[in-house]
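Peer 1: Quick one: this structure, given as structure tokens, is what I'll be asking you about.
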Amino acid sequence: LWPWLLASSGLSALVQLVTLPFFPDSPSYLLIQKGNEEACRKAIRKLWGEGDHQAEIDDIMKEKAAMTSTKTLRVLEVIKERSLRWQLYILMTVMTTLQLCGINAVECSPKFEEYLIPYVSLGVGLCECLSSILCSTLIDRYGRKVLLWGGYMLMCSVLALLTMTLSLQHQFFWMHYFSVILIFLFVIFYGIGP
């Protein structure tokens, strides 16, 4: 069963490989990058059907005008630009905490019985999918800042509990299962927060 489960991800890739040539290019790509308005109109008709789509084309044209008025900065220019300094600090902090949050240690270090490993792997994958769905619905309602703070705080709590359950798993037979549940929660909070 495990090889079939692993190969199932290749099935979606194969479906995408076969069907992708029949999909139209993005209308904004055709108009902004390629400058081909007729191909843009054709792609919009193919995506949304016949009708008057001039409002969408006007929106894309506004986006193109905004992009041409924006100056592209090099890396050193971004670092030297004082108005971008706080955004750069925030970005560096988020990326650093993302690297040091412990997701790799949680997914790789706990030792479980051999029969539990496929279920843990499957559960982690399902938790990642669930967290993606939850994050996309929660980010509009609460904002990125709340999700970051909440995700990190919940991850810290789960890590504290996970440390206790891993140290007690040799004393209680059911502690393995509690550790697995905590790993699933950690992955969900990781996906929702950072």
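Backbone N, Cα and C atoms are what each Cβ position is placed from, and that goes for glycine too.
The following feature annotations were taken from TrEMBL:
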DOMAIN    1-194  domain 'Major facilitator superfamily (MFS) profile'
SIGNAL    1-17  signal peptide
TRANSMEM  6-24  transmembrane segment
TRANSMEM  88-106  transmembrane segment
TRANSMEM  118-139  transmembrane segment
TRANSMEM  146-168  transmembrane segment
TRANSMEM  174-192  transmembrane segment
Peer 1: Same-chain Cβ contacts of the transmembrane segment (146-168) under 8 Å, 6 or more residues past its ends?
Peer 2: 94, 97, 101-102, 106, 110, 135, 138-139, 175, 178-179, 182-183, 185-186, 189-190, 192-194
Peer 1: Looking only at the domain 'Major facilitator superfamily (MFS) profile' (1-194), report the model's average pLDDT.
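Peer 2: That region's mean pLDDT is 81.
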